[in-house]
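**Q** From TrEMBL, for reference:
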- 39-63: transmembrane segment (TRANSMEM)
- 55-312: domain 'G-protein coupled receptors family 1 profile' (DOMAIN)
- 75-97: transmembrane segment (TRANSMEM)
- 117-134: transmembrane segment (TRANSMEM)
- 155-174: transmembrane segment (TRANSMEM)
- 205-226: transmembrane segment (TRANSMEM)
- 247-266: transmembrane segment (TRANSMEM)
- 293-311: transmembrane segment (TRANSMEM)
Amino acid sequence: MMMYLNANELDTVLVVIQTPEEDLCDLDTHHGLTVVELYIMPASFLTVLILGLPLNLLSLWVFTVRLQRWTRSTVFLFNLTLADTSWLLALPFLIHYHLNHMYWNQGLPLCIAVRMFYHNYFYLSIFFVTCISVDRYLAIVHPLRSLVLLDRRKACLLCAAVWTATLLLSIPVARMTLIQTCPGSNRTVCTLYVLLRETGESLPYSLICSIIGFLFPLLAICYCGLRSIRELRRRPLHPDHLNKKLRLMRLLGAVLVIFSSFYLPYHLSRNAAVVIRAIYPDSPASWRPADTAFVLEMCICGLITCVNPLFSCLTGRQFRNEFYGTIAAMFPQLHHTKSAEPSDAFCCKHLLSSLPWKPNNSLLCARFCVWHPIRTGLS
């Protein structure tokens, strides 16, 4: 039995089965979201690619070539850098997609891969930062047990488990990613699950990811950081303990800044975009402010790939020294400019060589230079 539909009935059917990203099909209607999608997003992604890729490739080179001894923190930092680099390598496809007026012509497999890379990256970054915080907690609160609980081999296995778990967590993204043809044109879009009209699967998935991938790690980081600081305060006052406490407080502060500046707004805006769709399923106009906020947050979150190399420098002393040394070797003019003024040791050596008597005690030499700043030129 064949059924024939008139024009009005056909339009009704098209509304029901219209593309999940229907507001992106008519780029002339939704000006705010269109400006972000076509201009701000590719510009921000290109900036992140130009800044982040050299930093992370240099970090990978330092990890694989310069560092001779790997600790547990080194393993976690290396995997964090590897996650950054994998996400950056997916950016050219997104940049081309947005510069091409949201026309995806790379096929469904690559569309799925790019969306999964983007989704995976945030949780890989969160989990590895959490691993670093737990590692510091074990080293300070349980220094002896940590050698058994988490040695370097177990750290490698934990990183492999994080990659595997994150990949499994992103399987629904592959299921919800589609290639859709816009009505009335041949333009195809690579859908994003957050912007799907139907929220029966995207809403619980987004909430579960927010709890497992953001809230639990944040609580773990806060607990580990506060317990570690409390343990250092309990110990007798010692310069080494004070330095550890300061480094730990800087690390905890950096982690909290990263979470509050990047991950918290991202998850809030993403869940808001999905929840509003669930509350007002037949009112696309009410979705637009949340959609625009979420897309803007996607642009901002890309900057985390430029911040993580600095976080690695803050966390790993050996990595920091090798990283700065490599940059100094690549740009010797900066090193020479910085070293143009005579150092304290040089001034002391020059002064002591001019003395009629030669102190044979190194400690005496040091004290002499300290107590004679004017004569040594160090004032």
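Note that Cβ sites are derived from N, Cα and C of the backbone, with glycine treated the same way.
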**Q** Which sequence-distant residues neighbour the transmembrane segment (117-134)? Criterion: at least 6 residues beyond either end, Cβ under 8 Å.
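**A** Sequence-remote neighbours of the transmembrane segment (117-134) are 73, 76-77, 79-80, 83-84, 86-87, 90, 94, 150, 155, 158-159, 162-163, 165-167, 169-170, 173, 209, 213-214, 217, 220-221, 224-225, 251-252, 255, 258, 263, 266, 301, 304, 308, 311, 315.
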**Q** Same-chain Cβ contacts of the transmembrane segment (39-63) under 8 Å, 6 or more residues past its ends?
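**A** Residues 74, 77-78, 81-82, 84-85, 88, 91-92, 94-95, 98-99, 295-296, 298-300, 302-303, 305-306, 308-309, 312, 319, 322-323, 326-327 contact the transmembrane segment (39-63) from elsewhere in the chain.
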**Q** Across the domain 'G-protein coupled receptors family 1 profile' (55-312), what is the average pLDDT of the model, as a whole number?
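**A** A mean pLDDT of 88 is what the model gives the domain 'G-protein coupled receptors family 1 profile' (55-312).
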